[in-house]
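Engineer: Below is one structure. I have some questions about it.
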Amino acid sequence: MPSPRSSRERRAGSGGGRLEFLSLVSQRSPGAPDSPSHRKEPGSAAAAPLPEEDCMKLNPSFLGIALSSLLAIDLWASKRLGVCAGEDSAWGSARPLMKVVEVSGHGIPWLLGTFYGLCQSDSSAAREVLLNLLFALLLDLVLVAVVKGLVKRRRPTHNKMDMFVTISVDKYSFPSGHATRAALVCRFVLRHLVLAVPLRVLVVLWALIVSVSRVMLGRHNMTDVLFGLLLGYALYSVVEYCWLSPLSAPALFALWSH
């Protein structure tokens, strides 16, 4: 039977071994010595937290995901519907006809035609309507150019830049100026011209065909056209609110009086 003294010596020896082992570990490193995450170069600073904008990119909002998905669908659908974008497209043979439709919705023919009618008109009522139509067309050109310059959305990649009379902002696609003008002119004509029902239907069909042709020719994406239609529809309300008359703008009407 071992003596009490020998038992105490053995416990003291084992306790001393544990103390020596813990001392060696504490001299090397308080953490895992061989872990790459704990190795630091001399003079290196502590890892800084991610900036707030990086955290937002790593955790996109539901709205951001929805907008990105809608944009992807818009680009895909617009490319699929661009059947007249080139001569080798699915409906390439209809491209010349679509370009005639494109010219019918261009701003220059409408401005020149309205100006010519204003100069040739002998009726004060007709001059009032034509003068306000001219004002609406000019307002449309300015507003579309401003929005295009602010948004700066490039035209579809499958578009051919062979458009009829372009200016600097026409390299951008949002919104569609043709669609805006078609909606504006359609509302204006239906409101201020007395037309038979078949002619009124033709006016609406013309506005729709001009708008659709923008996607078929590859000039615009679908959202460009949809926003253009909404903008033109709303722009007519502005023209009605600012309607020019001999009482509100006598100087302008004096220029066209014969």
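Note: Cβ is positioned from N, Cα and C throughout, glycine not excepted.
Predicted automatically and left uncurated, TrEMBL annotations should be read as such.
Sharing the record's features from TrEMBL:
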| type | residues | note |
| --- | --- | --- |
| REGION | 1-48 | region 'Disordered' |
| COMPBIAS | 1-12 | compositional bias 'Basic and acidic residues' |
| TRANSMEM | 129-151 | transmembrane segment |
| DOMAIN | 129-240 | domain 'Phosphatidic acid phosphatase type 2/haloperoxidase' |
| TRANSMEM | 193-213 | transmembrane segment |
| TRANSMEM | 233-256 | transmembrane segment |
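Could you tell me the structural context for the features on the list?
Structural biologist: If one looks beyond the transmembrane segment (129-151) by at least 6 residues along the same chain, the residues whose Cβ comes under 8 Å of a Cβ in the stretch are 107, 110-111, 114-115, 117-118, 121, 167, 169-170, 172-175, 177, 180-181, 184-185, 188, 192-193, 228, 231-232, 235-236, 238-239, 242-244, 252-253, 256.
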Engineer: Please work out the helix, strand and coil residue numbers for the domain 'Phosphatidic acid phosphatase type 2/haloperoxidase' (129-240) from the DSSP assignment.
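Structural biologist: Split by secondary structure, the domain 'Phosphatidic acid phosphatase type 2/haloperoxidase' (129-240) comes out as 82 helix, 2 strand, 28 coil.
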